Amino acid sequence: MYGRDPWGGPLEIHATDSATDDDRSRNLNDIDRAALSRPLDETQQSWLLGPTEQKKKKYVDLGCIIVSRKIFVWTVGTIVAAALLAGFITLIVKTVPRHHRKTPPPDNYTIALHKALKFFNAQKSGKLPRHNNVSWRGNSGLQDGKGDSGSFYKDLVGGYYDAGDAIKFNFPMAYAMTMLSWSVIEYSAKYEAAGELVHVKELIKWGTDYFLKTFNSTADSIDDLVSQVGSGNTDDGSTDPNDHYCWMRPEDMDYKRPVTTCNGGCSDLAAEMAAALASASIVFKDNREYSKKLVHGAKTVYQFGRTRRGRYSAGTAESAKFYNSSMYWDEFIWGGAWLYYATGNVTYLDLITKPTMAKHAGAFWGGPYYGVFSWDNKLAGAQLLLSRLRLFLSPGYPYEEIVRTFHNQTSIVMCSYLPYFNKFNRTRGGLIELNHGDPQPLQYAANAAFLATLYSDYLDAADTPGWYCGPNFYSTNVLREFARTQIDYILGKNPRKMSYLVGFGTKYPKHVHHRGASIPKNKVKYNCKGGWKWRDSKKPNPNTIEGAMVAGPDKRDGFRDVRTNYNYTEPTLAGNAGLVAALVALSGEEEASGTIDKNTIFSAVPPLFPTPPPPPAPWKP
């Protein structure tokens, strides 16, 4: 077969021409390129040169995959370099000195708060929880209220012993639980910051669980109410064993503990118990079933107090001696206010804002004990509680006039606490004498410190810098300063340089008037009179009742650390509750000034749409 060579020669395929492309390429290299008649174009050159020789790639067999050696080397190198860099950085971080910002130590008020709450653990009656954290206490009062056939109660196990004895006085106990609940509602964030929120709620529930046993709390109406468990009257010279005559550990009590009830004429007790249950229902609002149970009980017992009028202490000499109630109108306002906040039922607000109610409670006049907040007199607390309503919700007509009156009276009470006025005397050490020089002054000072701090926080939350005392304007800081001076006095800033809170500081009372603390836990059961040797001993208590605020000094700042003198050395539930409230209000002052919870207390209150006032009378020319 013949073909034409594109360069002019014949193209002939011979059988002998079996050279490979490489051989031809080498033969062509021998051609004398100068003999070519014209230059070669790119296509011709590439054909003549033949294909270029490619460099063979190298691979690494990793077993599961085969990768390029170049990629493998780069990957391993990168990993090694990163590890070296990380190690170098770690070495620098470990060796270079650093300046840590230490967490600031808790302030004195927070430290004291931990201790003051522990007092309630030491006062518990009944079967104690495993985590009660008071080593020298055990189960006690397990037969309280049992075996009383035909009674409206099944058992009365639980609750708290009132003071250094083993009596359960429901009137001051209910006040103490109300105070703890109020402080939690306002300052739950501070309790949380101090790590005490769960603890204080458990203490409140210990009290409210007991209160629900003291009447038929599931009924809509009741006829009877327990006012006291135990007896302490020794006026008649009787030597029968009771909770005052005997000096025994609560765990060793073997004498009969009578139950005192009332079937009418205990309005103050009933209204105070309603306040305790209603305020606690707000604390436990996340536990809907329990909160609902508390609200129902509060409404039932409040109605009982309203329909059967009378002072609970008027019928029993023992109550009159230890916790005499001067009136019940202040408890009506106090309990009704808490029920309004717990239920949002405007019926309660209508009731407690009637001018006649305030008049009966003494809201429009002074007197030597006006503004003294205590287990007996709730007026100052009730007025502050309703001032809160005006500051944050502005209820308007028809409540504005009376609520404004309460607010004005609260301002007057706050003025009376200040050292610029002579309403109350002060000791040389600076303690305000709210009880006018009578014994046991510290509980009243602690209560006033709580009210003053809380009112200042209300004003701050309402963007109000202060309030007027007559023509003079005072900053909210003045109220906090007053509160600090009183609590600091209790904690040791006093002429005796003694802390009146047991366990706080290095110098505090060692002979506290308290049965359980004064008798050693040595597996010996001392009978009624057998414990007298511990009562009369000059030695310090073998058990430290940590967190107990004793009754306090006299009007000359004097104090006798003597076990038998209860006017100096006996602690009480009501006193410690006020102290706890004041301490949590002042705690974390620098970091959390004025941090009240504005809204939780109003969680059940519906939006208020004030009724417009009536039109003015027709104009007459």
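Any Cβ shown, glycine's included, is placed from N, Cα and C.
Note that TrEMBL annotation is computational and uncurated.
Among the features that TrEMBL reports, region 'Disordered' is placed at 1-26.
Summarising the annotation, TrEMBL assigns transmembrane segment to 71-93.
The domain 'Glycoside hydrolase family 9' feature in TrEMBL is assigned to 109-583.
Taking the Cβ of H513 (active site) as reference, residues of its chain lying under 8 Å away and at least six apart in sequence are, in sequence order, A163, G164, V550, R563, T564, N565, Y566, Y568, T569, E570, P571. The active site feature in TrEMBL is assigned to H513 (among others).
The active site annotation in TrEMBL covers D561 (among others). The Cβ neighbour count for D561 (active site), using a 10 Å radius over every protein chain in view, is 17.
As annotated by TrEMBL, active site applies to E570 (among others). Just so you know, the Cβ of E570 (active site) picks up 21 other Cβ atoms within 10 Å once every protein chain is counted.
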(Q) Could you tell me the mean pLDDT the prediction assigns to the domain 'Glycoside hydrolase family 9' (109-583)? (A) 96
